[in-house]
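Asks: Take this structure, written in structure tokens, and hold onto it; I'll ask about it next.
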């Protein structure tokens with residue numbers, strides 16, 4: 001079974017997006033916060049950790065200043081207000097809850113796209129590589145992932161003076177761009193195929209038609225393969 005290189009490349013790009021999206025979700029480095037007393041911590045979607053230079057438990061042996069102390073972390077969940085500290089707790093809670101929801105939806109959508117690709121390779125009637133529905137289903141899944149990630153990331157366009165975006169956030173931006181690229185590649189391939197099939201039929205008229213009408217005259221014509 002031959003799979004088009006463009007489709008395979010788009011699925012590979014979406015797989016990288018899925019990996020980056022999960023890496024951004026489960027690392028406590030979404031934002032860095034600095035308190036008035038000088039303490040610093042890194043906050044992720046599901047966990048927050050104090051930095052070892054001024055953490056509550058002091059510097060751990062063998063660690064460098066500015067590193068995350070994995071022994072002094074707090075699990076965060078839906079509606080956690082501790083992510084705010086000196087910032088507006090309600091605003092920060094809404095930002096992180098929105099991002100958690102969008103991250104989960106994007107993960108599910110990207111996973112569905114990968115499963116759809118695998119099912120197509122098995123030769124199912126509705127999901128075969130020759131079926132246009134196969135590419136459309138993957139494109140819709142990847143586009144949904146891109147859309148919800150944009151919604152979640154937009155909520156962080158405004159942050160407080162004590163908060164700075166960290167590398168996990170930028171990692172998720174990369175995942176969003178890759179999901180968009182994967183969807184765009186599939187959509188371009190679908191539209192390109194449709195343009196080929198929507199071309200007008202090519203009809204070759206026999207020269208004998210210019211002669212007088214005779215019974216039994218056959219018309220020669222050639223139609224496009226689509």
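The backbone N, Cα and C atoms fix where each Cβ goes, and this holds for glycine too.
Got these off Swiss-Prot a minute ago, pasting:
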type	residues	note
CARBOHYD	164	N-linked glycosylation site
TOPO_DOM	1-5	topological domain 'Cytoplasmic'
TOPO_DOM	27-103	topological domain 'Extracellular'
TOPO_DOM	125-136	topological domain 'Cytoplasmic'
TOPO_DOM	158-170	topological domain 'Extracellular'
TOPO_DOM	192-226	topological domain 'Cytoplasmic'
TRANSMEM	6-26	transmembrane segment
TRANSMEM	104-124	transmembrane segment
TRANSMEM	137-157	transmembrane segment
TRANSMEM	171-191	transmembrane segment
Asks: Within the chain of the residue listed as 'N-linked glycosylation site', which residues six or more apart in sequence place their C-beta under 8 angstroms from its C-beta?
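Replies: Looking at Cβ-Cβ distances below 8 Å from the residue listed as 'N-linked glycosylation site', excluding near sequence neighbours, one finds 31, 32, 33.
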Asks: With Cβ-Cβ distances below 8 Å as the criterion, list the same-chain residues six or more beyond the ends of the transmembrane segment (6-26) that contact it, or say none.
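Replies: Counting only partners 6 or more residues beyond its ends, the transmembrane segment (6-26) has Cβ contacts under 8 Å with 44-47, 100, 103, 106-107, 110-111, 113-114, 117, 129, 135, 138, 142, 145, 149, 168-169, 171-172, 174-176, 178-179, 181-183, 185-186, 189.
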Asks: Could you tell me the mean pLDDT over the topological domain 'Cytoplasmic' (1-5), as a whole number?
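Replies: Per the prediction, mean pLDDT sits at 62 for the topological domain 'Cytoplasmic' (1-5).
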Asks: Where does residue 164 (N-linked glycosylation site) sit in the DSSP three-state scheme?
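Replies: Once the DSSP labels are grouped into three classes, residue 164 (N-linked glycosylation site) ends up as strand.
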